[in-house]
Structures are given as structure tokens and as C-alpha cells.
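Q: Sharing a structure here in C-alpha cells format.
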Amino acid sequence: MIKKATLLTAFSVTAFSAWAQDTSPDTLVVTANRFQQPRSAVLAPVTIVTRQDIERWQSTSVNDVLRRLPGVDIAQSGGAGQNSSIFIRGTNSSHVLVLIDGVRLNLAGVSGSADLSQFPVSLVQRIEYIRGPRSAIYGSDAIGGVVNIITTRDNPGTELTAGWGSNSYQNYDISTQQQLGENTRATLIGDYEYTKGFDVVAKGGTGMQAQPDRDGFLSKTLYGALEHTFSDRWSGFVRGYGYDNRTDYDAYYSPGSPLIDTRKLYSQSWDAGLHFNGERIQSQLVSSYSHSKDYNYDPHYGRYDTSATLDEMKQYNVQWTNSVVVGHGNVGAGVDWQKQTTTPGTGYVPEGYDQRNTGVYLTGLQQLGDFTLEAAARSDDNSQFGRHGTWQTSAGWEFIEGYRFIASYGTSYKAPNLGQLYGYYGNPNLNPEKSKQWEGAFEGLTAGVSWRISGYRNDINDMIDYDDHLQKYYNEGKARIKGIEATANFDTGPLTHTVSYDYVDARNAITDTPLPRRSKQMAKYQLDWDVYDFDWGMTYQYLGSRYDSDYSAYPYRTVKMGGVSLWDLTVAYPVTSHLTVRGKIANLFDKDYETVYGYQTAGREYTLSGSYTF
């Protein structure tokens with residue numbers, strides 16, 4: 001049972017993502033309602049990934065972390081650094097809100113979608129992943145779910161890591177966290193990653209011209225943070241990070257024209273915050289700035305040639321979030337202000353434009369006996385399309401101790417991005433995409449097995465589609481998504497099991513055809529065990545068949561790509577109390593498959609790494 005005393009205690013401790021840590025036996029979550037609460041009190045399905053999980057899985061990318069989670073389906077045009085899309089519960093990749101330390105990821109500004117193939121996994125200390133609508137709390141984009149990547153580190157000392165692997169993979173990382181006096185803590189991280197990659201274009205009948213090359217990826221990252229405690233009530237932080245990435249890829253081209261097959265991405269982010277932690281009241285003010293420059297070009301001509309394209313975006317954010325303990329729960333309220341600016345000459349937005357958004361939200365959670373009630377409402381005032389309101393409500397009933405029924409309903413929306421509004425084929429009269437979602441779930445603890453079964457429906461209207469004849473974007477699409485999600489985790493002796501199954505029927509509501517690149521069924525299984533100090537891990541994933549389009553001829557045709565079963569194997573061994581060595585075999589049985597038509601994925605890959613702490 002969710003004890004009232006537990007709730008009251010959790011609501012009165014430090015809140016918000018910059019300070020969120022696993023300090024409670026009942027893990028605390030910030031992202032669900034923008035105030036800290038026990039995970040057991042969150043009515044929406046939530047998954048938490050820690051830095052220890054990432055190291056155990058030996059993940060070399062954020063996509064490799066997310067693909068293991070319930071409801072997540074990733075389509076990628078090749079290997080490391082290649083363009084990728086994240087589908088949560090069948091929604092578009094633009095319907096996933098990605099936050100970095102609670103702040104919207106800047107790279108989604110022009111394209112409208114967050115491509116996490118470019119974000120360094122070395123910076124990720126924790127991920128809080130919420131499924132379902134969250135626009136009533138966060139505003140635009142939070143239709144399918146929210147992924148909050150938290151970079152705040154709480155690991156004093158220094159760690160050196162080096163890794164090597166297939167396709168000339170190399171990774172070198174140094175991170176340190178030191179106390180500067182009694183009340184100040186400093187963190188520094190530097191990371192270098194390189195791989196020659198492989199030829200991502202699939203062989204035979206895809207319509208792509210032969211480009212027999214290796215499509216590699218290079219990333220350099222630097223991160224720094226200062227945290228200071230002024231008193232028992234007040235604390236603050238300053239943080240900055242940047243990365244410089246280069247990706248080689250294969251693209252369509254015309255003989256005699258430049259071949260645009262190289263991407264160069266520069267990204268930097270800075271933020272500062274001040275936090276008040278009272279006995280019953282918490283308040284936080286955060287201001288942030290981010291700037292990204294995304295070039296696509298032919299390396300023979302350079303990124304400043306007239307044939308090159310540039311997407312340049314600046315994003316400014318101010319967030320004021322507050323929460324107060326009320327009764328056996330919490331009430332939260334806050335204001336978000338955001339400004340996105342494009343620079344003249346941006347590839348898809350040739351002139352300079354800016355878009356402002358101010359959002360005001362109110363959330364509440366109460367524990368009334370065996371019932372948990374949750375509600376939220378938000379109003380956004382956007383400089384392009386005016387005001388838009390969203391709301392959601394959920395109720396949980398613990399009808400037997402340890403067993404709970406949950407019902408929820410919520411509205412959400414996706415604002416048109418700057419490319420759709422002001423690009424060469426843009427339409428400044430676009431309206432937001434709108435969603436209505438229902439979900440019912442049972443969850444419980446049976447004989448040591450923690451489980452949850454959910455059924456949901458999502459109706460999305462005014463979807464923004466490109467009209468081939470009019471050569472403009474219009475609000476003319478509709479989608480209907482129905483799904484079932486089941487999750488479970490349990491221990492059997494030294495073995496830890498994590499299981500999930502997803503059935504997703506995502507369809508165009510007008511043509512009744514499947515939405516592209518989504519698997520209809522997914523099954524995922526993670527097994528971890530310790531034997532004589534060896535930490536073993538095995539991952540199994542079944543990805544069902546999916547549909548895509550073959551654009552090699554006009555009119556294009558729909559193609560079906562078959563399902564696949566994938567196995568990964570990992571092992572780690574602590575040679576000493578300071579030195580740990582790790583090894584991994586990904587795609588153990590060397591399966592050949594595609595998640596984007598015409599682009600092959602990696603075959604069997606090996607990695608070996610070691611880390612030394614002091």
C-alpha cells in the first residue's frame with residue numbers, strides 16, 4: 001500500500017531534476033509531474049534508467065539504451081550517428097518530448113523531431129521515461145511520452161574509461177567530480193568517440209546508387225558543472241556542455257551534382273538555476289541558452305559552399321517551478337517561457353524567424369485512502385498560433401493491498417515546427433496537431449513479480465502532412481492508435497529478469513493503412529546475474545514486421561520488412577577495487593535486417609572496455 005506518511009515525506013524533500021537522486025527505498029521521480037514523488041505514487045507508466053544500468057548494458061549510444069525500454073521502437077538509417085526516429089506507443093517521432101535536465105532539446109527546433117543518435121551517451125547519468133500524454137504539464141510535443149535525460153552526476157572521484165571494438169570503434173572518456181571547499185562541488189567530463197562504421201546502403205533493389213564507402217562517426221564532448229549550497233534552504237548550479245560531431249552517410253544524388261553525404265553538428269548548451277527547499281515548499285528558477293549549427297555538405301566542396309545546407313537554431317528558456325505539500329499530496333504550479341530563433345540562411349528556413357511560447361501550468365496529486373487522484377491543466381500562448389489549452393486526469397484505486405486499477409484521460413498537442421511554418425514549402429497558417437488519449441491499467445505484486453498491463457487508445461487529428469500536388473504542408477492527416485503494453489520484473493535467486501511486450505496497431509485513420517516504420521509487436525527480455533564476481537547480462541529483442549516506402553520510382557510503393565530476433569551478451573569483471581573490464585557481443589547471431597527501407601543495420605559487433613577509478 002502507498003502509505004500517506006511516505007508520500008508526505010517524499011513531497012517535502014528536495015525536488016526537480018537538477019537534484020534528483022535515488023536516495024529513497026521507493027525510488028523518487030521528478031519528470032512525471034514536475035515535482036518529486038515516490039515512483040509508486042506515479043499513475044502513468046514510468047521507467048528509470050541509471051548510470052549503473054547503462055554501464056551494465058555497455059551501451060555506446062542513447063538509442064541503444066532506449067531501444068530496451070517498453071513502448072520504444074527505433075528506426076535508424078544505419079549505424080552510429082545515422083539519422084534515427086523514436087516511436088513511443090506508435091506515435092510519430094515528433095510526438096516525443098526529449099528534455100535535457102528538464103529543458104527541451106534544442107535540435108528538435110527546426111525539424112520538429114529529436115534525433116538522439118547525436119547526443120553523447122557519456123553525459124547521461126539517469127533517464128526518466130514517462131509513457132502517455134504530458135502536454136498538460138510540459139506543453140507541445142508530449143503526445144507519446146517524455147524522455148528526460150539527466151546529466152547531474154553524484155559520484156565523487158575520477159574515472160578513466162577506454163574502449164575498442166568492431167569497425168575500428170574507439171572511445172576514451174575521463175570524468176571527475178571534486179569538492180571545492182565544504183559547500184561547492186565541481187564536475188568535468190571529456191569524451192572522444194570514433195568509428196569507421198560500415199556501408200549503410202542495403203544491397204540490391206533499393207533504388208539507391210551504389211556508394212561503396214564506410215559511413216563513420218566522430219564525436220568530441222566536453223561538460224562542466226558547478227553546484228553550491230548557500231544554506232540549508234538555498235542552493236544553485238551553473239552547467240555547460242558542448243559536442244562536435246561528424247557523420248558520413250549515403251544519400252540520393254544526381255550525376256554531375258555535388259554529393260551531400262556528410263553532416264557536421266556543433267551544439268552547445270548553458271544553464272543556471274537557483275533552488276529553494278523549504279519544509280513544505282520548494283521553488284526553482286532555471287534559465288538556459290543553447291545554440292546548434294547543423295551542416296550537410298559535400299566534403300569535396302566544403303560546408304560553406306553554396307551546395308551545402310545549414311540549420312542554425314538558438315533557443316532561450318526560463319522556467320519557474322513551484323510545489324507545496326497540501327494534505328496527503330502536492331500541488332505544483334509554474335511558468336515556462338521559450339524563444340526559438342533561426343539564423344538567415346538556414347537550409348529549410350531561408351530567412352531568419354523566431355517563435356515565442358509562454359506556458360502556465362497547474363498540477364495536483366492527492367492520496368485519499370485507497371485512492372490516488374492526479375490532475376493537471378496548462379495554457380500555452382504561442383506567437384504563431386495563439387492560445388492552446390490541454391488537460392489530463394488520472395485515478396488509481398488500490399482495491400486489494402498490492403493491487404491497483406488505474407484509469408486516465410488526457411489531451412495533448414504538437415506545435416508546427418519552424419521548417420513546416422517558414423521553410424521553402426512552409427505554411428504559416430498551420431494549426432497544432434491535437435491528441436486525445438485514454439488508458440486503463442492493472443498493476444500489482446504477485447509472488448515477487450512486479451507487473452503492469454495497460455490498454456490505450458490515441459486519436460490524433462490535424463496531423464501535418466506534405467501535399468505533393470500543392471507542394472505545401474497542411475493539417476490534413478489523422479491517426480488512430482490502439483495498443484496493449486505488459487511489463488514485469490522479478491528475481492529468481494541470483495537472476496534478475498525484466499520483461500516487456502507491446503502490441504501496437506498504429507494506423508492512418510483516413511486510409512486505414514499502417515503508419516510507417518513501426519513494429520506491430522515487440523517483445524523484450526533482460527537477464528542479469530552475478531557468478532563468482534562476473535556480472536553477466538543477456539538481452540533479447542523481438543521486433544515484428546513493419547512497413548515503409550520505396551521512393552526509387554514514382555509513384556512510390558509500400559514495402560513490408562520482416563521481423564527479427566536479436567540477442568546481446570555482456571560480461572564485466574572487477575579485476576581490482578579500482579579496475580573493471582567489460583566485454584560485449586551485440587547481435588550475437590549476426591542477423592541481417594532493416595528498420596528503414598534501403599538502409600542496413602550493423603551485423604555482429606564486439607566491444608572491449610576498461611575503467612579505472614580513483
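Every residue gets a Cβ built from N, Cα and C, even glycine.
Taken from Swiss-Prot, the feature Ca(2+) 1 binding site applies to Asp199, Gln211, Asp213, Asp215, Asp250, supported by sequence analysis. The motif 'TonB C-terminal box' annotation in Swiss-Prot covers 597-614. Among the features that Swiss-Prot reports, signal peptide is placed at 1-20, with the record citing sequence analysis. Among the features that Swiss-Prot reports, transmembrane segment is placed at 169-178, 184-195, 232-248, 279-296, 309-325, 371-381, 403-417, 449-458, 473-490, 494-509, 517-529, 535-550 (among others), with the record citing sequence analysis.
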Q: Per-residue pLDDT averaged over the motif 'TonB C-terminal box' (597-614) comes to what?
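A: Across the residues of the motif 'TonB C-terminal box' (597-614) the model's pLDDT averages 94 on the 0 to 100 scale.
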Q: When you average the Cβ positions of Asp199, Gln211, Asp213, Asp215, Asp250 for the Ca(2+) 1 site, which other residues in that chain have a Cβ within 8 Å of that mean position?
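A: Residues close to the Ca(2+) 1 site, other than Asp199, Gln211, Asp213, Asp215, Asp250: Val200, Val201, Pro212, Arg214, Asp248, Tyr249, Asp261.
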Q: Sort out for me which stretch, of 279-296, 371-381, 535-550, has the most Cβ pairs below 8 angstroms to the transmembrane segment (517-529).
A: 535-550
Q: Under the DSSP assignment, what numbers of helix, strand and coil residues are found in the motif 'TonB C-terminal box' (597-614)?
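A: Helix (H, G, I), strand (E, B), coil: 0 helix, 10 strand, 8 coil.
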Q: Cβ-Cβ under 8 Å from Gln211 (Ca(2+) 1 binding site), same chain, 6 or more residues apart: which ones?
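A: Gln211 (Ca(2+) 1 binding site) has long-range Cβ partners Asp199, Val201, Asp250, Asp261.
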Q: Where else in the chain does the motif 'TonB C-terminal box' (597-614) make close Cβ contacts, counting only residues six or more beyond its ends and a cut-off under 8 Å?
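A: 55, 58, 60, 76-79, 82, 157-167, 169, 171, 198-203, 206-208, 250, 548-550, 559, 561, 578-591.
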Q: With Cβ-Cβ distances below 8 Å as the criterion, list the same-chain residues six or more beyond the ends of the transmembrane segment (535-550) that contact it, or say none.
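A: Same-chain residues near the transmembrane segment (535-550) but 6 or more away: 56-57, 67-68, 73, 75, 206-207, 513-514, 516-529, 556-573, 593, 595-598.
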Q: Where else in the chain does the transmembrane segment (232-248) make close Cβ contacts, counting only residues six or more beyond its ends and a cut-off under 8 Å?
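A: Answer is 18-19, 81-82, 101, 118-120, 123, 151, 189, 197, 213-226, 261-278.
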Q: Among the binding-site residues listed here, Asp213, Asp250, whose Cβ has the fewest other Cβ atoms inside 10 Å?
A: Asp213
Q: Here are the binding-site residues: Asp199, Asp215. Which has the lowest count of other Cβ atoms within 10 Å?
A: Asp199
